[in-house]
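Worksheet: one structure, shown below.
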Amino acid sequence: MTMTLSICVAWRKSRECRSCPSASPPTGSVPGASWCRREPEVTWTVLLSGGLIAIVAGLDRTALLQIMLSRPLVAGSLLGWLLGVPESGLLIGALCELLWLARMPVGAAIPPDDTQVAVGATCLTVLLNPAGGFAPEPVALFALLLAMPLGKVGQGFDRLARNCNSRLLRRAERAVADGREERIERLHLRGVLHFAGAALATFVVVVAGGMLIGMPLLPRAVPLLQPLTGELELLFPLVGAAVILATLHVSRALTLFSTSFVTVLLTIWLL
């Protein structure tokens, strides 16, 4: 954590970009906002910070601790705070939280890696908009839309890590049969490294794929998303709630949901 905080300080200092009189702001940027080209050291600082959070949160997902650090709301907010964009991190985490909440990595179930979607999208928010030339909310939504389909690769990396760990189990059984119990602890720790590698690989794919696709589309996508920001921020929780409702095996679920929805609307109208 000390290393991560030091990276945060370095990032905040590097984010104070120098003026670039020769660079013209891109179409759709915020009027009067500073804009400059991405500095290489800033990019590596963001990637290193994101990679550290990706590994820690990825291990918390199944392999270690499980203290809910892996939830998108927590991981996105934490990384956003470290990178100096807490509002974007909180927005991404909140919008991503409900989408796969009904699909937990329990037992043999391997859902898309929503943890790395939130972490990768938060990094993309900074990498695509390093000097804040664009409005933060549409950039965060654009980054999340880029990261969501790429999070599917997390299933493949997670499955690969589990297959590697199953081979470690057979090696541990042979070590016990040979009377070499001291190898069991090393094999156990190697299994943790497999999950860390899967988390980091998913993060790299999300960020690299998002940068490759997002950089040429950003100047056109942000002006299109700007007027739809409010609708999209409402749509994500509604889709997540609908997914959770579809998995509930409760009689009269539609009636209960409709009643709750009308009650909330009436409460908002009265207040």
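Think of each number as a place in line: the chain as shown, counted from 1.
Keep in mind that glycine also has a Cβ here, set from the backbone N, Cα and C atoms.
TrEMBL annotations: computationally assigned, not manually curated.
Of the candidate ranges 42-59, 132-149, TrEMBL annotates residues 42-59 with the feature transmembrane segment. Long-range contacts of the transmembrane segment (192-218) within its own chain (CB-CB distance under 8 A, at least 6 residues past either end) are made by residues 26, 47, 50-51, 54-55, 57-59, 61-64, 113, 115-117, 119-121, 123-124, 127-129, 134, 139, 142-143, 146-147, 150-151, 153-154, 157-158, 160-161, 164-165, 168.
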